[in-house]
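Novice: Supplied in structure tokens, the structure appears directly below.
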Amino acid sequence: MTNHSVILCILDGWGNNKNSQFNAIAQADTPYWDSIISQYPQSNIVTHGPDVGLPDRQIGNSEVGHISLGSGRIVLQDLCRINEEIKNIRKNTHLLEFTEQIKRNNGICHIAGLLSDGGIHSSLSHMLDIIDALSYLKIQVVIHIFLDGRDTPPISALKYINILCSHIKDLSNVSIATISGRYYSMDRDNRLDRTTKAYNSIAFGHGKRYEDPISAVQDNYNAGITDEFIIPCVIGNYQGMNPTDGFIMTNFRSDRVIQILKMITEDQNTNHITLKNTIGMIKYSNELNIPCLFPNKKISNTLGEIISNQQLHQLRIAETEKYAHVTFFFNGGREEVFENEERIIIPSPSVTTYDLVPEMSAYEITDTLIKKINLQKYSLIIINYANADMVGHTGNIEATKKAITTLDQCLGKILKCIHNTNYILVITADHGNAEEMFDVQNNMPYTAHTLNPVPFVVCNYPKKIKLKNGRLSDVAPTILEILNIKQPEEMTGISLIDTSN
């Protein structure tokens, strides 16, 4: 081992794009970033498709990105894995056990999930396959639709609803029960007032009532409300859940289903309805004691585990929105803290959308980081700045430019702090977002992630080096080389430090 320590700074949603038009990063005031890329070695990293275990041209996301960063290998992601395993869904033993209990109780099955082809949290085809399997098994099904508008265009819900309606039109035992924008049904920041509105529509049939889903969406559009923010509402004569019913969550990403599933499965008060027969696509969390249709495979010898096995200290810092990413996902789906691993969560601002506070909690993260650097205790510090992604998702380019300038100032403070220390600053991102903010073809804001590469920069390294282009799974091996720690055989990524010269 060397005396070096590493700070891995993940600029969530910061991509590279040579086109400066509608590019919040290129248009923002970034003197420190400009200085960084002019004097330190850099390369490009791919964050999408097969390079991160996703289908070809499938946009990456924060979960996939952090799994790839932390594991140091290409992990076949849940989207691809489930695409294969769901072909035999009618014979899935977990589904058959679930449906047998529904039949014994004379209940019905509630299916809930994000109706989207964004591929980030869910797959529309997965929901349709499960509906078909339940219909085949003679189970009555009601569907609770979560609308996207974030990983898809802001006004695109009717496209997916029409696909769903066309698919179920000849299935007499299947109907649509409720609709909710993901702002309510998929909150992950403990804003339980939002989650409660979605829960009340599902559990009790509370909310404005519409004859059909098309009318519900169109009414919200007429009021200026886009997909993500559509207020939970009820379709037809749906009256709510019964304790004898079953519940399937079709999202395969965990962070945005935990709150709503906790409300559905755990007793909250005497007026609360819970469904004990609940199942998910994967194991979402140790917080949720529910089975899954497609069990996850364990990822061993991640970067965090290796650092711990070396008896070295490591630290993770992020604000609420990205805390799970630098901990749970970075550790390969492990919730337990490694030995000598410390975690600090900085609360995210309590606002409706982050364009209202584009600084988010970046300054607080930076101040905390600097205090920890000065302790000279940690061999590895991992931080995530959420601004470029979370503000970028709003589609507000002016606010996103402010977010980028905030990050630039934070980078300047970090560089000043590590000057004349043994800390090496490694800067990268999990995917792009802020560098491409308008869809010219459809003449609307572009709020999703991008296919652009992200930067990889190594600052404060004691000798001159060159960096190769690569993929996210190459970052952990690079850090191990800097720390002079042997790369385990499970890590199939390669160090990006170019030793050809």
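A Cβ is built for glycine as well, from the same backbone N, Cα and C atoms used for every other residue.
Among the features that Swiss-Prot reports, Mn(2+) 2 binding site is placed at Asp12, Ser62, Asp430, His431, with the record citing sequence analysis. According to Swiss-Prot, the feature active site, phosphoserine intermediate maps to Ser62, an assignment based on sequence analysis. The feature substrate binding site is assigned by Swiss-Prot to His121, Arg150, Asp151, Arg182, Arg188, Arg253, Ser254, Asp255, Arg256, Lys322. Residues annotated as Mn(2+) 1 binding site in Swiss-Prot: Asp389, His393, His449.
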Novice: What are the other residues, in sequence order, whose C-beta lies within 8 angstroms of the center of the C-beta atoms of Asp389, His393, His449 at the Mn(2+) 1 site?
Specialist: Asp12, Gly13, Ser62, Arg150, Ala388, Met390, Gly392, His431, Asn433, Ala434, Thr447, Ala448
Novice: Filter the binding-site residues Ser254, Arg256, Asp389, His393 down to the ones within 10 angstroms of Ser62 (Mn(2+) 2 binding site), Cα to Cα, kept in sequence order.
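Specialist: Within 10 Å Cα-Cα: Asp389.
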Novice: Where the distance is taken from Cα to Cα, which of the binding-site residues His121, Asp151, Arg256, Asp430, His431 turns out closest to His393 (Mn(2+) 1 binding site)?
Specialist: Asp151
Novice: I'd like the number of other C-beta atoms within 10 A of the C-beta of His431 (Mn(2+) 2 binding site), please.
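Specialist: Within a 10 Å radius of the Cβ of His431 (Mn(2+) 2 binding site) lie 29 other Cβ atoms.
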Novice: Any idea what the Cα distance is from His449 (Mn(2+) 1 binding site) over to Asp12 (Mn(2+) 2 binding site), rounded to a whole Å?
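Specialist: Distance (Cα to Cα, whole Å): 10 Å.
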Novice: Quick one: of Asp12, His121, Asp151, Arg188, Ser254, His431, which binding-site residues lie within 10 angstroms of Asp389 (Mn(2+) 1 binding site), measuring between C-alpha atoms? Sequence order, please.
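Specialist: Matched binding-site residues: Asp12, His431, sequence order.
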Novice: If one measures from the C-alpha of Arg188 (substrate binding site) to the C-alpha of Asp12 (Mn(2+) 2 binding site), what distance in angstrom results, rounded to a whole number?
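Specialist: Distance between the two Cα atoms comes out at 17 Å.
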Novice: Any idea what DSSP makes of His393 (Mn(2+) 1 binding site), helix, strand or coil?
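Specialist: Reduced to three states, the DSSP call for His393 (Mn(2+) 1 binding site) is helix.
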Novice: When you look at His121, Arg150, Asp151, Arg182, Arg188, Arg253, Ser254, Asp255, Arg256, Lys322, which the record names as binding substrate, what is the longest CA to CA distance in angstrom?
Specialist: 17
Novice: Tally every other Cβ atom lying within 10 Å of the Cβ atom of His393 (Mn(2+) 1 binding site).
Specialist: 24
Novice: Measure the Cβ-based neighbour count of Ser254 (substrate binding site), defined as the other Cβ atoms within 10 Å of its Cβ.
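Specialist: Ser254 (substrate binding site) is surrounded by 26 other Cβ atoms within 10 Å.
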Novice: Which binding-site residues are spatial neighbours of Asp151 (substrate binding site) here, meaning Cα within 10 Å, out of Asp12, Asp430, His431?
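Specialist: Matched binding-site residues: none.
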Novice: What is the Cβ neighbour count of Ser62 (Mn(2+) 2 binding site) at a 10 Å cut-off, with all protein chains included?
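Specialist: Ser62 (Mn(2+) 2 binding site): 28 neighbouring Cβ atoms within 10 Å.
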Novice: Cβ neighbours within 10 Å, counted over all protein chains: which one of the binding-site residues His121, Arg188, Arg256, His449 has the most?
Specialist: His449
Novice: Restricting to the chain of Asp430 (Mn(2+) 2 binding site) and a gap of 6 or more, list residues whose Cβ falls under 8 Å of its Cβ, or answer none.
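Specialist: For Asp430 (Mn(2+) 2 binding site), the qualifying residues are Ile10, Asp12, Gly13, Thr47, Gly60, Asn61, Ser62, Val64, Gly65, His66, Leu69, His325, Val454, Leu472.
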